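Chemist: Here it is, the structure in full.
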């Protein structure tokens, strides 16, 4: 059985926690789609193209991982790419309620697609893209939390601000 999982998010920016989860998923599933949401509801720091490029570079060494962009219902994106599993990370109990609601809605819209939760590695349980952006905005060192190319992109974004 060939199983494809889809891992959606805005990835603004992608962190080592995201990359760790994708790497672990790539050992479980035959194929992993990292799906970058265009997300017009949010005001991202990095535009859609930048987020796609940063994500692609972050997973470049993972041969069974592919990065795609989407601006549709997640279940429609999953179907388009042949994914039968939605992969979500749970950092804390506080994430559970929202993720539980989303899993129920996705199951309602796409009953053939299962949602599976992975917990982060201990080193990454506290990471979030919004916290990373805030640290970088004020000149803090984010090198332990994001890939080097993401750190450089953050530094360029915030050059002269903060």
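Glycine too: its Cβ is placed from the backbone N, Cα and C atoms.
In case it helps, Swiss-Prot gives these features for our protein:
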BINDING   10, 42, 74, 88  substrate binding site
BINDING   10, 11, 18, 89, 90, 91, 99, 124, 125, 126, 127, 128, 129, 130  ATP binding site
SITE      18  site 'Transition state stabilizer'
Chemist: Minimum Cβ neighbour count within 10 Å among the binding-site residues 18, 42, 88: which residue?
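Modeler: Fewest other Cβ atoms within 10 Å, among the binding-site residues 18, 42, 88, is found for 42.
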Chemist: Work through the binding-site residues one by one (74, 125, 127) and point out the residue whose CB has the fewest other CB atoms within 10 angstroms.
Modeler: 125
Chemist: Excluding near sequence neighbours, so keeping only residues 6 or more apart in the same chain, what lies with its CB under 8 A of residue 129 (ATP binding site)?
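Modeler: Expected: 10, 11, 12, 13, 14, 15.
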Chemist: Between residue 99 (ATP binding site) and residue 42 (substrate binding site), what is the CA-CA distance rounded to a whole number of Å?
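Modeler: With the alpha carbons as reference points, the distance is 18 Å.
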Chemist: Enter the number of other CB atoms within 10 angstroms of the CB of residue 90 (ATP binding site).
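Modeler: Here the count is 16.
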Chemist: From the Cα of residue 18 (ATP binding site) across to the Cα of residue 42 (substrate binding site), what is the distance in angstrom?
Modeler: 19
